[in-house]
2 protein chains.
Amino acid sequence: MTSHGDAPLGVFDSGLGGLTVVRALRRRCPAEDIVYLGDTARVPYGTRSPETVVRYALGCARVLIGRGVKAIVVACNTVSAVAIDMLRVELDLPVLGVILPGARAAVAASRGATIGVLGTAGTIASGAYPRAVASLSTRTEVAGQAAPLLVSLAEEGWLEGEVPRLVARRYLEPLIGAGARSIVLGCTHFPLLRAAIEAETASLAGGPLPIVDSASATAEEVASFLAERGLATSRSTPGGLSLLVTDLPKSFATVAARFLGEPVVADGAVRSSTQAGAAVRSPTQVGGDAAGRSSPFSAQGVDVEQIDL
Amino acid sequence: MTSHGDAPLGVFDSGLGGLTVVRALRRRCPAEDIVYLGDTARVPYGTRSPETVVRYALGCARVLIGRGVKAIVVACNTVSAVAIDMLRVELDLPVLGVILPGARAAVAASRGATIGVLGTAGTIASGAYPRAVASLSTRTEVAGQAAPLLVSLAEEGWLEGEVPRLVARRYLEPLIGAGARSIVLGCTHFPLLRAAIEAETASLAGGPLPIVDSASATAEEVASFLAERGLATSRSTPGGLSLLVTDLPKSFATVAARFLGEPVVADGAVRSSTQAGAAVRSPTQVGGDAAGRSSPFSAQGVDVEQIDL
């Protein structure tokens, strides 16, 4: 029997962008086991209505609960923006999002000046960043800008050159024009385009401005939360990572590795279960299964399993 | 009772891109009623695995059959590329796609020279265009290029200026380099970016090349098919258009109008049914329902209904 603290952390996102949060978590809390669910069959959530996002998010959270997680990290700005209150009402375990940590880091970095936020259409339309900032500092203004093409560029791995810079510039112009003196990467995809965003921000603002990465800020808050609640793992060996996806397109391994910063082998290590929850196993189990396929925390690195949702 | 020929045409796509096909159909067969289903809750299909695309496509087709359509037009290159054989096996009515009409028009335009195809990752990976061209002409080569960012640009309405041109250029370079002397717009989104694609093609090839729009080619083939089978409507009054969507994001009316080329009013005219098929009515019914909401073919233009899938 594993103790409650030794249960894995559940992390989910609409797709693979949330792996930038997993990357930060694995750096900050290296002993924690992590089960990540990427809803790759229904990505992106950022352009969908709030009702649809809530419905999809509840489905994802229930899969993770079926895997015995001790807490859920919503590694998606859109879900954190529009569905986190509903998740907290519906679910009987701690739910942490990325908006409040990002807002807290931005307030600290901006020192009272306006904060600029780049996000998906859904995140910006929700007003979640202005609300979070207002709860932390009454004098700080927030300017938001939906930046959907930055998501596409990150997914395609088109991270350098004239196009990412021109696209970033177009989205940054209204923010700098509104007086922003710090920029929040309010979508888990954007850390990949940090170089282009940083350069264009500096060019538009006449000098470098703080760039706030909500992934790192979230990993900090998760670590503090687990310590305070006595929920941190008692193990000191490196934690495992299990990756659940609802679709496995050809480019999966490349895109996942780009976001995670670790190699991901999609063939051989892939397991497919036709019913969500049909393959629930102890997340600390090690070794191959009867069919000779690799375990969820295989020696090769990251285990990948496809599920239906 | 309506005769079989007076039943509506069913058209579906992963999202709203297929409305470029509806636009061409309404020009070519103006008396036909059309029921369009856009699976906006699960768009885009172009980056998903073939298995997932087949599953989603069958769901869409069954909704249209529940609305009493006489034939189904798959207004999506990705679905036409990977799922049309399965749809024909599973469904008991005619199913027409966009690939074969596009390939036929390209073979006619290319006169034996290599054909270049721009499409989604799914369409290009499927090899559907090379197969379709090979069935029409044994001597014609096909070069394909996945162009995901063109999809994002079309959806955001970023159709002019340096970024669309640079993105188009990057995708066209390998095609022109492979000797392509005609370019197929192998995704229903791409007609919106035709100007940029045309200009960059001419610049790279040293002169204009034929640009083949599969939407127009498909409308031609649908008209011939209906006439040959005696399935064309007997009415001569303008046909109605009913729009079903699985999600209704804020930007819906703008994006739909851009693709359709007609105004779409999303508020007021919107009806929501929680079960697919719960609101099946005669598609030629005119007038408001008990709640005073507009009919599927309302006088204002396009009726919009949200369904679950």
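Counting begins at 1 with the first residue displayed.
Any Cβ shown, glycine's included, is placed from N, Cα and C.
A TrEMBL annotation is a machine prediction, not a hand-curated record.
The active site, proton donor/acceptor annotation in TrEMBL covers A:CYS76, A:CYS187. Here TrEMBL flags A:ASP13, A:SER14, A:TYR45, A:GLY46, A:ASN77, A:THR78, A:THR188, A:HIS189 as substrate binding site. Per TrEMBL, the feature region 'Disordered' maps to A:276-299.
Structure coloured by features recorded in TrEMBL.
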{"residue": "A:ASP13", "record": "substrate binding site", "DSSP class": "strand"}
{"residue": "A:TYR45", "record": "substrate binding site", "DSSP class": "coil"}
{"residue": "A:CYS76", "record": "active site, proton donor/acceptor", "DSSP class": "coil"}
{"residue": "A:CYS187", "record": "active site, proton donor/acceptor", "DSSP class": "coil"}
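Separating the Cα atoms of A:CYS187 (active site, proton donor/acceptor) and A:ASN77 (substrate binding site) is a whole-number distance of 5 Å.
The substrate site is defined by A:ASP13, A:SER14, A:TYR45, A:GLY46, A:ASN77, A:THR78, A:THR188, A:HIS189, and by the 8 Å test on Cβ atoms against their centroid, the other residues of the chain that qualify are A:GLY15, A:GLY17, A:GLY18, A:VAL43, A:PRO44, A:CYS76, A:VAL79, A:THR120, A:GLY122, A:THR123, A:VAL151, A:CYS187.
A:CYS76 (active site, proton donor/acceptor) and A:GLY46 (substrate binding site) have their C-alpha atoms 9 Å apart, to the nearest angstrom.
Sorted by the number of other CB atoms within 10 A, the binding-site residues A:SER14, A:ASN77, A:THR78, A:THR188 start with A:SER14, the lowest.
Its Cβ taken as reference, A:CYS187 (active site, proton donor/acceptor) is surrounded by 30 other Cβ atoms within 10 Å in the chains shown.
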